[in-house]
Amino acid sequence: MCPNNSTDRDTWAGGQGLLVSPITQVEQRSWKHWCGEIKRTRCTGEESWVDSRTVYIGHKVPPPGTEAYIPQRFPDNRVVSSKYTFWNFIPKNLFEQFRRIANFYFLIIFLVQLIIDTPTSPMTSGLPLFFVITVTAIKQGYEDWIRHKADNAVNQCPVHVIQHGKVVRKQSQKLQVGDIVQVKEDETFPCDLILLSTSREDGTCFVTTASLDGESSHKTYYAVQDTKAFNTAEEVDTLHATIELIHTYCISSNLLLRGATLKNTEYIHAVAIYTGMETKMALNYQSKSQKRSAVEKSMNAYLIVYLGILISKALINTVLKYVWQANPNRDEPWYNQKTETERQRHLIRAFTDFLAFMVLFNYIIPVSMYVTVEMQKFLGSYFILWDDDMFDEELGEGPLVNTSDLNEELGQVEYVFTDKTGTLTENNMELRECCVDGNVYVPHAICNGQILPGAAGMDMIDSSPGVDGKEREELFFRALCLCHTVQVKEEETVDGIKRGIHQGKSTSFYISSSPDEVALVEGMKRLGFTYLRLKDSHMEILNREDEMERFELLEVLNFDSVRRRMSVIVKSSSGEYYLFCKGADSSIFPRVVSGKVEQVRARVEHNAVEGLRTLCVAYKKLTHEEYDQTCRLLNSAKLALQDRDKKLAEAYDVIEKDFILLGATAVEDRLQDKAADTIESLHKAGMKVWVLTGDKMETAAATCYASKLFHRNTQILELTTKRTEEQSLHDVLFDLSRTVLRQLSGDYQDYGLIIDGATLSAVLKPTQDVTSNGGNYKEIFLEICRNCSAVLCCRMAPLQKAQIVKLIKASKEHPITLAIGDGANDVSMILEAHVGIGIMGKEGRQAARNSDYAITKFKHLKKMLLVHGHYYYIRIAELVQYFFYKRKNCFSSVLTLNLIDLHFTSLPILLYSLMEQHINMDILKRDPSLYRDIAKNSLLRWPTFIYWTLLGVFDAMVFFFGAFFLFDNTTFTSNGQMFGNWTFGTLVFTVLVFTVTLKLALDTHYWTWINHFVIWGSLLFYVIFSLLWGGIIWPFLNYQRMYYVFMQMLSSGPAWLSIILLIIVSLLPDVVKKVLCRALCPTTTERIQVRQHNSHDLHFHREEKIQLAYMSNIYKCVYISVIDSFLKEIILYTVTICLGR
């Protein structure tokens, strides 16, 4: 039996109902036994819950001999959103880190260096690996510690429990199944509870589920009939009862879910039935999985390539070694001749030599890259935290970063899945207008056909009503003041702010299970008719003349989603009977026999296109005999023992007909600030936006129009239960497929798709008959979605939202997905998506706690993706390519070890990856299309990787063979001494350090004093370090091979010239490539970079184009002159060397 206060929106768990069998009482030794069979219907898209259980209220087990007693163990009430514990942190973190190819590779290399005799020390691999593992563990441990703090804040929250007739305070995590909990007004339910009694005489309480689904409306729940009289702690403590829960379980009017908040009720008593990770809220969460970004996957792929190169190098060198040693004259020296036993163990020795070569060449795998990447992600996340534009003054909070591993993924999003209520909208309904017989009334603007102050400039349709029109107008206002379930409250404190206080005086305000009803009643108050209260079954209203009118409330025909309307029967003080009805236009118009239908219908259609929620209002007068007949019909249906709901529906159908149409209303579910602008920007950036909501289709569609997800020219395609009842699912899918594929033939049309939860379940259900007629519905559905600019999924259960995200993730394009929501029902899709973002609302932080990032408003998503995401991806893509390029250069230098590389060249690229801004952030926000330039991991594709690799190979060959050619048979010192191997290696390494650092300087667009300090300071540090390292005899070194080597190299003039020439030749190809690309086929980003440097005006004017072309010619002339001078120096130096010989 579902709650009779159902709103337009589904309940949080998907609109399920609780079936409770009649309560039976068994008297045995003063033992009361209450047995409630609670069943949960299997909801679409949800998993089964827990096994059957017996809950003893207050832990009062039956006396010995009464019945069989089997103790059951249930979990405590702790909730866990963290990944690690104190005991499993080290093994679990190490396991996750060694899943990375580079980390596992260096672990193997380190072990090999320990086991066999290798050319290098184990410290060269062990120390960098230890540093990487430690830094990563500290970062991930810190992030998990933040989650633990959030969990502890929830778990240590105080709750009140009834024990021995007294109210005892304990921590929430210590709550157990069977405890009787006392919850006071404005407190949150600590677990899933069955309502026993309330402070209200009728045994009802009011609850808001804003923290679960974003709904701030008040829902009514009912205490169990046999326990609602137990009001005090002493009375509740005397209760002896048992609850039998059969293995499936669902939402009911007695069941209070964890996370919901008690409202408008002083206190309640309830028994805990599900605690901790078995609560409905926790079970709707998907299990957390390790999320890895597209950049990290690209890194692993590149590492596999480099590992293949390494293995090939080691294998080739091993073969060449044995080919060389095959000649007896080239075998080991006479003093190191191999024994006969050693000569016979060729296979083992060959494998050992292969491992030795692997160790010798292992430096091409950039272990320092992982150190820098981890530091870049961790430090870079603070730029989001420090962003003042994303700080919310109302909440006093800014964005949160729960994990920094996905920063660059923010720049790769292709699909955005968003919740509606509380995410796109504020869930704050407001009456925009009402139409009575063609006359339009706007609160605060028009009253009684007269334009009020402040309404100037408004476009309104209005004609002052006549005498009859005025009577109809007042009847319309009375209908809206009477046809509702609104309650009046004097004062309430919400978030520290007292509602119902105006200018220091106490005033009433309205609460209801439906925010639409509150908006309508408040709108009527502004138009002169004030609903006062319901007292002694009489509804009191205040008219425009400040006269009180009393109507006796006789019957309420509650709203339901099938009829889509509600009605009341009232009796006026003059003895007249009225039946007032309000509902959707499709359910009212067919039942109207008179009234200005066409005028009202036109206004309703106009408001629907504007994205407003519309309702029609009608009435009819009843005679006393008709009222008596209506009462008999309703009572007969209510007392039916079988098919009660069906008979009630039939009775409602007979009663609600032959109406006179009064008018219509238009209510706006106010969008969040700049929500429409954000969605429009995301569309321009190439992202597809899907709205996933539990709301009904009409409500959600209205919001989609208002938020510009759907436009007026958008052709809406419906894949709903209503349509599949008329046609088979197969036929509907193929019809829609043919419709959307027409635009591929040239007839372009903007399409939007609407699908509901039931139809989605049928689509995702595996088809038994996979034939030409059956086919795979998933693929057809995905093909339809690909050709739609936007998709709306309504009536979604929480796990269905996750299924939608998973379906898109697994499609053949494997797009990057982002999910954003504000409630606990959004957590499953937030955890499923590549990137999960939570909205920090005024109530509830489940979504924010379980997300990767949290923001205060939906509008901040624009800057997070278009600016921060863009920068993060550009920076880390350059960092990754730069490290692989740098490692290719290391082929030329036998002295390049991981620790030296980490010290000399990692700091400049780290700073670059933190501060680079290739385009001004204001331009990125104004031109969302720039986001398309980096989509689909464009900067880390294989062609780009191959270019950087070839550039690194070219530079390595220039370093080695250039130095070898210049030094061959040539004396360089004043005393005729020739350079040795150590001097040669030092010169090559010096060229390498200067080249890779200057390459980074050429790629830098955003210069600050910090960039200058680090880039030029790192070069200066290398020189000073080399002078000190080679200028002092260090006592802790066993050998002094580098002593005086660097000074000897710098004392030679030709060495200086060689360094300069080799650096110029190495940088030349990249400079030429950039000049040609910018001149011949510049990208949008490159064009804007030129414009950014030469003009502050962002519009493409003719004068700017001429200036742009002129500046391009200047750049080309400068580059050509520089290249020409470099070539002349190279030729002159070559001739000098030849003449010297």
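Each Cβ is built from the backbone N, Cα and C atoms, and glycine gets one as well.
The annotation active site, 4-aspartylphosphate intermediate is assigned in TrEMBL to Asp419. Summarising the annotation, TrEMBL assigns Mg(2+) binding site to Asp419, Thr421, Asp822, Asp826. Residues or ranges marked as ATP binding site in TrEMBL: Asp419, Lys420, Thr421, Glu517, Phe559, Lys582, Arg613, Thr693, Gly694, Asp695, Arg795, Lys801, Asn825, Asp826. Positions annotated as domain 'P-type ATPase N-terminal' by TrEMBL: 72-125. Positions annotated as domain 'P-type ATPase A' by TrEMBL: 158-281. Marked as domain 'P-type ATPase C-terminal' by TrEMBL: 848-887, 896-1083. Annotation source TrEMBL lists transmembrane segment at 98-116, 301-324, 354-373, 891-915, 945-967, 979-1001, 1013-1037, 1043-1068.
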Counts of helix, strand and coil residues, the domain 'P-type ATPase C-terminal' (848-887), according to DSSP: 31 helix, 3 strand, 6 coil
Close recorded positions near Gly694 (ATP binding site), where close means Cα within 10 Å, chosen from Asp419, Thr421, Asp822: Asp419, Thr421
Site with most surrounding Cβ atoms, counting all protein chains shown within 10 Å, from the binding-site residues Thr421, Asn825: Asn825
Candidates Phe559, Arg613, Arg795 (binding-site residues) - the one closest to Asp826 (Mg(2+) binding site) by CA: Arg795
For the domain 'P-type ATPase N-terminal' (72-125), the number of residues DSSP places in helix, strand and coil: 27 helix, 0 strand, 27 coil
Helix, strand and coil counts within the domain 'P-type ATPase A' (158-281) (DSSP): 17 helix, 56 strand, 51 coil
Inter-residue C-alpha distance, Phe559 (ATP binding site) and Asp419 (active site, 4-aspartylphosphate intermediate) (nearest angstrom): 25
Among Asp419, Asp822, which are recorded positions, the residue with the most C-beta atoms within 10 angstroms of its C-beta: Asp822
Entries of Asp419, Arg613, Arg795 which, being recorded positions, have CA atoms within 10 angstroms of Asp822 (Mg(2+) binding site): Asp419
Neighbouring C-beta atoms (10 Å sphere around the C-beta of Phe559 (ATP binding site)): 24
